[in-house]
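Below is one structure, written out as structure tokens; the observations come after it.
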Amino acid sequence: MADTDEAAAIWSRAKELLLSNNSLSERYKSCISEITPFRCFDNMIVLEATNEFTRLTIENNISNEVIQALKIAAGKDMTFLIHLVSSNSPAASTNSTSADDPNDAIAIASQAHQRNAVPTPATMARQTTQPQNPTFRGVQNQRPGAQHPGVQRHQHREKPHNPQQGTLFDLDAFPRSNAGAQPTNAQQNFQSTAQGFAAAQGTQMPQQGANNANGTTMPGGQNVPGTQTNPYGTNPYDDYSAYPDADMPSTTYDANQGAPGQDSHGFAPLPTNPANGGYEGPAQSAQQPGAGVTPAQVAYRNGAQGNPRQMPAPRRGNQMMGPASPAAYASGYQQHGDMQMSTPRMNRDEETHLNKLATFDTFVAGDSNRFAHAVALAVAETPGKLYNPLCIYGGPGLGKTHLLNAIGNEALRENPSLKVRYANSEEFTNEFIEALRTSSTDPNGVTNFNRRYREVDILLIDDIQFLRGEETMRQFFHTFNALHQANKQIVIASDVAPKNLKGFEQRLISRFDSGLSVDVRPPDLETRIAILRMKAQTSGMEVPNDVLNLIAEQVTDNVRELEGALTRVHAMASLNKQPLTRALAEQTLQDFFSSDVEITPTDIITTTAQYFQLTFDDLVGTSRTKNIAMARQIAMYMAREMTSLSLVDIGEIFGGRDHSTVMHACRKISSEMSEKREVYNYVTELTVLIKRKDSTK
Ligand SMILES: Nc1ncnc2c1ncn2[C@@H]1O[C@H](COP(=O)(O)OP(=O)(O)OP(=O)(O)O)[C@@H](O)[C@H]1O
């Protein structure tokens, strides 16, 4: 990118951040608005102002805020300098001098400045202490202990700033509860992110220390605190108690409960099905030597499907879904049969409802989410002061929930006395309705609800797009106002930008818009590989690089799907006690990328019902008997995996069920696939049958 373009891009983001920084007065903001970008020179951006007042106001009063915003916008430490240009003369940016050398840049800027600038007390003070190049300086972070702001805040930049030399993102400029000699988490993350990427790309970062569990390297060889913990073994949605209307209790099944002649789910063994390419029914296959081989593989070996297929490019409606993260296994093992894997353990904090395992340490930042990651970190370090409200939006499975939880966890790590509350919109709604419902018997119901949501320092509301109902909306509006007026931090996550939220009153949308909105986008290849590597490492899986690469190449749009693909290939290898090779991974994944035709929910329900010898109505009906509930959960999982339908849509199709019920089904089946051979077989066989049916239409 050209230096001028880079400057424009960085300043545009930094400006956006500064203008949404609630701690800045309107006067400061109008000064910010008057600034224009000139050029970038390495880690310095030269900005232009048309009057001295603007320049001085920024340099003397809000340089730290500007530096912080630049750091977030650029994704690296930046210094800045502002030179004056006459408002009616061509700006210094028209100067054609090549300024690749930062010293030249300073000279250009210096000339411009000398033409226009009036000496100020601050510049005079600098001249006293910095005799060389007295009129120009880059502005660096204000360091604690600075005694003379005019002198200490501004320093000469005679050579490019080297971020390795101790000027990492300095959040000490902002209130902190535990400022100390140790690098901040934000600092560590910046390093770990950069190094994680370097590692993913096979490059060497300078000043490497000892590797930590994630393969990332911390400054001075430190490990990132908590990197050994399971990052996402559980999810708020795993806490089934939060969803009273979900199917969970009656659909829980036990591997030992199958009646004689039935498999563990109460199904009679299916007869050999010639239509399945000679493949045995699921219960039988589970008991046979070599079980776990899918029909596709049998067919493949038998030549039933012709030559080995190339893996076509994945398509949106046919992607992987793997809600239960493989890394969940790291959180604690519940040994299951011959599997060296575990059932994810819930790690939701009872009071805050935070998933304690979703932290910044376990979040891999890349180009697609670096801005959101940096802003989230800044908010966690200074809640209520910077970007309030903060809205994080983006497609499914891209880390919004993770970031929300990371903000809460990090803020509490910094200041354990903070009150934090995480909730998704459905929990908020349910709790509110419950408070209303019981208000006749419990006069404190609504008061308690309000206390829970209004007497907090940080409120994190996930999936705001699902907020529904006039009363609930009103309640949320008042909650929002109460918190905002008290300068309490609000963070919301949504699948679309606030302005595109459907069914929301304008007054609520405009409140969301009054803060900062940042998006998360699908990760690029390097980031996907880095995520997979981290997930494999934290869950103790040994996955060769070529398998990680294969998965990352095939699954592009959704980190949850990445996890799902990793789960599948690892489950396949574990169940069959085979080494996890690229060939095995290709075989395992090809079933999921082999069809380009649209699969409908009707196909899925019909095939699943036939497969389990049930009826269509059984699957969309209300019966909670064990075998029907289990088949329904599998069908929901297949619908989520093989179509682009949302959780809400799938819930609707399956008899008007709630989206959390679908989500729970998906997580449960995904998790069980790694532990129960028969569940893995059901899913893989059904995948083939559904696609085969589809291709014969
Ligand atoms: N950058 C990342 N680094 C590490 N893990 C990630 C990253 N992004 C997402 N994940 C993981 O992917 C999974 C899905 O992420 P998450 O639930 O936060 O997505 P989401 O955007 O909230 O999705 P949805 O909109 O469907 O709720 C989680 O296990 C999360 O930990």
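We count from 1, first residue shown onward.
Using the three backbone atoms N, Cα and C, a Cβ is placed for every residue, glycine included.
Any TrEMBL annotation is an automated prediction that lacks curation.
Among the ranges 273-301, 302-330, 505-533, the one that TrEMBL lists as region 'Disordered' is 302-330.
A 10 Å cutoff on Cβ-Cβ distances gives G399 (ATP binding site) a total of 26 other Cβ atoms nearby, all chains included. Restricting the average to the region 'Domain IV, binds dsDNA' (574-697) gives a pLDDT of 84. Cβ neighbours within 10 Å of T401 (ATP binding site), excluding its own Cβ and spanning all shown chains: 23. Those residues of the chain, other than G397, G399, K400, T401, with a C-beta within 8 angstroms of the mean position of the ATP site C-beta atoms are G394, P396, L398, H402, L403, A493, V520, V559, R560. Neighbour density for K400 (ATP binding site): within 10 A of its CB lie 26 other CB atoms from the protein chains shown.
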